[in-house]
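K.L.:
Here's a structure for you.
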Amino acid sequence: MHSSPELLLEARGIRKSYHKDKIELPILRGIDVGFVTGEMSALVGRSGSGKSTLMHLLATLDQPDSGEVWFDGTRIDNQSRARRDQYRNSQIGIIFQFYHLLPELSAIENVLAPAMIRRSVLGYLRDRKSLRLRAEAMLDRVGLLTRSHHQPSEMSGGEMQRVAIARSLMSNPKLLLADEPTGNLDTETGATILSLLRELNREDELTIVMITHDDSIAETADRCYRMCDGLLEDNASNLAGGDRSDSAKLETVAA
């Protein structure tokens, strides 16, 4: 008898609405989904399907109207803001489509920036040497150590995304959330970023949840979930085993 896979991250009955001019706009309408430890999963859907809103809830950047978010066996959506921030800062790395690098800082300074912000001046001065060594190691991990003193204006889009990935790894997170990580890149550069994410997943055993509108990108994941109009349409497509030429095709299951 096979045991169920261990879930690192889970959404249970998640609902979320926003209000405009006294009109309620439902964005998520009851999402149940789990992400397996050590796997690379994809949430795929068109713009407006609710996938980015779900990612914000999974990252504790926002709270659901109802439902629960569980991380590594602990419910986190109902924690205090300070506690949610602590979870996110220590356990969850996040990258976005547009990198969000500070233009006046070098690559290594951008990687160090979150660690600087989270510490007092004295705390940063105390930990400065070890933090810099960690930042250098993360830039080396993404193949950009030789560009550590270049500013974003001196880097390509792919290089800037690599810096963003290095920054997300500074806290040695268990989970990486990637919101359209190749959406601002050409096809060839996007493929190199996907290859890097897969390498981090397989070699470093980093659990990754990737948000995308592109089926071809979603098909590189171990499991794919399709969202439409705030609902999860698909059963997970397990792409880890079997013939990928067949299994890598997303099946649309009627909601």
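All positions are counted from 1 along the displayed chain.
Even glycines carry a Cβ here, placed using N, Cα and C.
If you look up Swiss-Prot, you'll see Gly45, Arg46, Ser47, Gly48, Ser49, Gly50, Lys51, Ser52 marked as ATP binding site, on the strength of sequence analysis. Among the features that Swiss-Prot reports, domain 'ABC transporter' is placed at 9-254.
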K.L.:
Please name the residue among the binding-site residues Gly45, Gly48 whose C-beta has the most neighbouring C-beta atoms within 10 angstroms.
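P.N.:
Neighbour-count leader: Gly45.
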K.L.:
Compute the average pLDDT of the predicted model within the domain 'ABC transporter' (9-254).
P.N.:
86
K.L.:
Is Arg46 (ATP binding site) helix, strand or coil when read with DSSP?
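P.N.:
DSSP call for Arg46 (ATP binding site): coil, neither helix nor strand.
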K.L.:
Which of Arg46, Lys51 has the fewest nearby Cβ atoms, counting only those within 10 Å, among these binding-site residues?
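P.N.:
Each of the binding-site residues Arg46, Lys51 was scored by Cβ atoms within 10 Å; lowest is Arg46.
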K.L.:
Compute the centroid of the Cβ atoms of Gly45, Arg46, Ser47, Gly48, Ser49, Gly50, Lys51, Ser52, then list the same-chain residues not in that set whose Cβ lies within 8 Å of it, in sequence order, for the ATP site.
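P.N.:
Going along the sequence, the neighbours appear as His213, Met227, Cys228.
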